[in-house]
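The structure appears below as structure tokens.
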Amino acid sequence: MNLPQNIRYRRYQDWTEEEIKSIKTNVALSPWHTTYHIEPKTGLLNDPNGFSYFNGKFNLFYQNWPFGAAHGLKSWIHTESEDLVHFKETGTVLYPDTSHDSHGAYSGSAYEIGDQLFLFYTGNVRDENWVRHPLQIGAFMDKKGNIQKFTDVLIKQPNDVTEHFRDPQIFNYKGQFYAIVGAQSLDKKGFIKLYKAVDNDIKNWQEVGNLDFGGSKSEYMIECPNLVFINEQPVLIYSPQGLSKSELDYHNIYPNTYKVCQSFDTEKPALVDASEIQNLDFGFECYATQAFNAPDGRVYAVSWIGLPDIDYPSDSYDYQGALSLVKELSLKHGKLYQYPVEAVRSLRSEKEAVTYKPETNNTYELELTFDSSSVNELLLFADNKGNGLAITVDTKMGTILIDRSKAGEQYALEFGSQRSCSIQAKETVVNIFVDKSIFEIFINKGEKVFTGRVFPNDKQTGIVIKSGKPSGNYYELKY
């Protein structure tokens, strides 16, 4: 949604109680509110931030502008969970209220240090000529949720980057704290800078150099870089803006991607023997994925189910965006697998055999098996007129096609209404999670993933098996 600059950057304290009440009333009217996904109470949700473990709980923040479905003066909202499924929102913790983040508390990461959670984020500052000055800054959050912002800038804007320098991720590698930051060079090329904490002092960062990860020459910006280690093998997850489609087949405005690497050379610095760039998700909406190595030895990730610069049907209700289910990451035969955490099964009600359902609550999971050498088509969000989200699983040719051209209110049509990927031509297992206006589809327990939104009318709640004979179960999901 396009709103004037003076509205988007209006100070929080200048919004009246009456205006805020009006926004809340409008949000409440939406027919598309999710049940088991995180979405904003009001306004815009975008990047997940600060995904971490602290004080005996998982902590997950998200970017928010609470006054409408637009990218305005950003703050951080905090949520916490014991099982990575049931999240409790505790409120706004980082406001754009200092000289170092006056025009937005932008994205970042978090790490437990002692009895506090270190928040490492980008402060967005604009001068009187509206020139942006990005600052990498920090804060501590204590166990009661109190915030103490650092007075000094942790990483200033280097001389070799433009105003696009953001999204710091802190991580611990062999006992040493490092950070990577997404950047744009002066000749408008995307890259990543690596820093190390001198003597592991998180208030004293030293540049190591530009990280060599076999990046492209076509991307003009790297957003939201995340480096995690799966069985000690480095995996880089990032969002390259401007990537040439000759290098990667994608259809969204910007892709979310990854590379699997063999080792991490902290001296060069480099990610050694990086794989070819791969799509993290083949669906319509997945961006700014944030992942971290948890104390339990697992690697977890969560994504923004949305994209920059796109208008959504929910905008008219003064809100936009949601976060994906939390996914556990693993490597199999050099491929990245992502699959919802085990605790998602706790949402299941009694299982039913998959069959035609003229009506559902649009809050369910399907677990389906498709025989080899078969062609199958399902309709979800279906009405009695043949409309719905069409899912074709062709195990004969080895393809999956998702078509939302007849599913709910149409939007972002300039980027097409179909998405597809190749699969092995064999028996295929598919898990589909539907939540009012969200679908997440996992192929063969996370080998391929499709994430997207559908904004149905009140009659589009059915499930239809148009062709083929998939076997499996239907579970109503209750949060």
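In case you wondered, yes, glycine gets a Cβ from its N, Cα and C as well.
Features of the protein shown, as given by Swiss-Prot:
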- Leu44, Leu45, Asn46, Asp47, Gln63, Tyr106, Ser107, Arg166, Asp167, Glu223: substrate binding site (BINDING)
- Asp47: active site (ACT_SITE)
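The record assigns Leu44, Leu45, Asn46, Asp47, Gln63, Tyr106, Ser107, Arg166, Asp167, Glu223 to the substrate binding site, and the maximum Cα to Cα distance across that set is 19 Å. Sequence-distant neighbours of Leu44 (substrate binding site) (same chain, six or more apart, CB under 8 Å from its CB) are Gln63, Asn64, Trp65, Gly68, Ala69, Ala70, His71, Gly72, Tyr319, Gln320, Gly321, listed in sequence order. There are 27 other Cβ atoms within 10 Å of the Cβ belonging to Ser107 (substrate binding site). Taking the Cα atom of each, Asp47 (active site) and Ser107 (substrate binding site) are about 7 angstrom apart.
If you count neighbouring Cβ atoms within 10 Å for each of the binding-site residues Asn46, Gln63, the highest count belongs to Gln63. Counting only same-chain residues six or more apart in sequence, the Cβ atoms lying under 8 angstroms from the Cβ of Asp167 (substrate binding site) belong to Asp47, Tyr106, Ser107, Gly108, Thr122, Val181, Gly182, Glu223, Cys224, Pro225.
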